[in-house]
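**Q** Right, I'll just put the structure down here and ask away after.
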């Protein structure tokens, strides 16, 4: 007699569940113990899955951590207030966003392992670095189009200065204070602006409560946790 056949669920829902469980387990381990607390065995135990199931999807710790970080990072849009100094100030917050989501120490350790693998290195740049640069790059180009920045301004150079300042302070433990950000903005903009004083006056008119008596635009930054 022919036995009734049972229908087996497809693999995709289970795969999705494993991916979610592994990602959440990786994030918990990162939060509790940092980058080096993550290993395939610990993730498998925390996610209640097997090591082979993890290795079928991720090659090891760097890929696990990078996938977990990718699940937490938002894609920022370009600041667009019509006030170039306000937008520059907001760009610092955009570059800081990743460090408010994941510990700077995790990013440092992850990058040091990704850099040895060209594919992982490229994925790190695309996931962690480029979204913020793309948003701020669009903002700077809009400022050029408005006539606030010089036509010949080096946009890539400005991006590097702003991003490097934020990344250095976050990664090496010197918190980015509001006054520090103000000075950097002024230094960069005095060299790049068509008329810095006019931009400052515009900023003051829009956000007068955030301008101190010296005429420097105030920046209020959330601290990385």
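The backbone N, Cα and C atoms fix where each Cβ goes, and this holds for glycine too.
Keep in mind that what you see is a predicted model, and the values were worked out from it rather than measured.
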**Q** For which of the residue intervals 19-38, 39-58 does TrEMBL record DNA-binding region?
**A** 39-58
**Q** So, by DSSP, how many helix, strand and coil residues make up the DNA-binding region (39-58)?
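**A** For that range the per-state counts are 13 helix, 0 strand, 7 coil.
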